[in-house]
Amino acid sequence: MIDRPLEGKVAFITGAARGLGRAHAVRLAADGANIIAVDICEQIASVPYPLSTADDLAATVELVEDAGGGIVARQGDVRDRASLSVALQAGLDEFGRLDIVVANAGIAMMQAGDDGWRDVIDVNLTGVFHTVQVAIPTLIEQGTGGSIVLISSAAGLVGIGSSDPGSLGYAAAKHGVVGLMRAYANHLAPQNIRVNSVHPCGVDTPMINNEFFQQWLTTADMDAPHNLGNALPVELVQPTDIANAVAWLASEEARYVTGVTLPVDAGFVNKR
């Protein structure tokens, strides 16, 4: 096994300041990649739990460097394609190429009403679209292929959630990511660019570990234990579990894997 299978590669990761995005950045850096990290680092009004901060992004920079990777980190909003383009270009200016895209940025909506629907669609679906769109020209121009990984959710494969517009929007967005993945996988295959999606169950991150999410579990109009229980005896998986899957999809070990929905969910989807 190669110790640093992504040596010389460059990965563009959104939502990289903490949680899953940080785990992806650190794991890919440990595997040899340089990182272009983007995160909004400010609050969205309809999101009830605290989002990332500039200090969180700075901590990711330190962790990536400790793992042996170079990193360019910028604040940017996936809802704003221009800000993503600026962030990506800063990384390209530094590292000279792009090989891996991880469209990870996302928010969880609980009882946020119609504003929640709009914001979760804008971040979790349109933001993924923007991320891929700004990266495609460079990947194609280089002519060396690439790997695009879209972070969806177990909620993108089965129908779960409450009847609140924010929760419905989350399910709709995560299902929509699957459609994007499948279409991109076909469109980009001739350029040897692979596109896949990863579908976590609940992950031990600030998105889940906050008082607002726990309150939502107790008040949502659904059978929470039935709908949110995993098959394997674990309540929450770790960010590194998801990052391991992303690292594999980014590597040559998955060189002929494209168009795949990959659950990393402790059997959550299969139990439905």
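Just so it is clear, glycine is given a Cβ too, placed from its N, Cα and C backbone atoms.
According to Swiss-Prot:
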BINDING   12-34, 39-40, 77-78, N104, K174, 203-205  NAD(+) binding site
BINDING   S153  substrate binding site
ACT_SITE  Y170  active site, proton acceptor
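Here the features listed in Swiss-Prot are painted onto the structure.
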{"residue": "F12", "record": "NAD(+) binding site", "CB count, 10 Å": "30"}
{"residue": "A16", "record": "NAD(+) binding site", "CB count, 10 Å": "32"}
{"residue": "L20", "record": "NAD(+) binding site", "CB count, 10 Å": "26"}
{"residue": "H24", "record": "NAD(+) binding site", "CB count, 10 Å": "34"}
{"residue": "L28", "record": "NAD(+) binding site", "CB count, 10 Å": "28"}
{"residue": "G32", "record": "NAD(+) binding site", "CB count, 10 Å": "17"}
{"residue": "I40", "record": "NAD(+) binding site", "CB count, 10 Å": "24"}
{"residue": "S153", "record": "substrate binding site", "CB count, 10 Å": "28"}
{"residue": "Y170", "record": "active site, proton acceptor", "CB count, 10 Å": "30"}
{"residue": "K174", "record": "NAD(+) binding site", "CB count, 10 Å": "26"}
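Between the CA atoms of H24 (NAD(+) binding site) and S153 (substrate binding site) there is a gap of 16 Å, rounded to the nearest whole number. Taking Cα separation as the measure, the residue listed as 'substrate binding site' is nearest to K174 of the binding-site residues F12, A16, G32, I40, K174. Annotation note: F12 (NAD(+) binding site) sits in a strand segment as assigned by DSSP. In this structure, the CA atom of I40 (NAD(+) binding site) is 19 Å away from the CA atom of Y170 (active site, proton acceptor).
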